[in-house]
Amino acid sequence: MKIVIADDHAVVRTGFSMILNFQDDMEVVDTAADGVEAYQKVMQHQPDVLIMDLSMPPGESGLIATSKIVESFPDTKILILTMYDDEEYLFHVLRNGAKGYILKNAPDEQLISAVRTVYRGDTYIDPKMTTSLVNEFVNNTGQDANSTNDPFRILSKRELEILPLIAKGYGNKEIAEKLFVSVKTVEAHKTHIMQKLNLKSKPELVEYALKKKLLDF
């Protein structure tokens with residue numbers, strides 16, 4: 001199987017490439033350092049599996065890239081690699097189309113197993129996360145009480161890209177340059193974000209981003 005690894009740390013890309021290339025049925029054909037590059041590498045190689053870090057440079061996080069890649073290249077299975085053992089992250093990536101979720105501190109054998117699992121089309125969840133997943137379903141009554149305040153359901157993909165950048169202090173021009181859009185487009189999205197989330201000021205937006213853990217994306 002062909003594999004692409006996307007992580008902003010070179011040591012992670014190199015280390016995981018060595019582990020996977022040692023397997024007879026696996027070949028790491030390329031690596032990427034951010035979400036934009038990950039999309040380009042998937043388009044170039046059409047890999048069977050993309051292993052992608054959830055938190056990469058702002059503007060194109062693993063979560064945003066996952067949604068775009070799933071939409072454009074549905075045959076590529078995405079395994080999210082992360083240090084966050086938080087069910088919120090888990091549910092967000094699964095909703096966006098990822099097939100697996102594994103922690104960075106997982107043993108080598110577990111990584112190999114995870115890759116093979118998603119390659120087969122099955123879903124892989126790090127064993128440390130299964131308890132959280134079960135508890136969530138047990139407590140779920142069929143109606144998500146927080147859905148009206150869930151940014152991943154309220155905001156568009158572009159708005160989810162822009163919100164963390166605003167909260168981190170980037171100006172409209174800087175955001176426009178990062179996302180290759182006009183300043184007017186950024187301003188319009190900012191207005192829509194504030195309206196959709198019922199926020200009145202930038203401090204409220206920053207507080208919201210922190211509470212929803214959006215600054216990690």
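Every residue gets a Cβ built from N, Cα and C, even glycine.
Checking Swiss-Prot for DNA-binding region across the ranges 52-71, 172-191 points to 172-191. Secondary structure by DSSP for the domain 'HTH luxR-type' (148-213): 49 helix, 0 strand, 17 coil. Look at the domain 'Response regulatory' (2-119): DSSP puts its residues at 55 helix, 26 strand, 37 coil.
Counted within 10 Å of its Cβ, the other Cβ atoms near ASP53 (4-aspartylphosphate) come to 25, all protein chains included.
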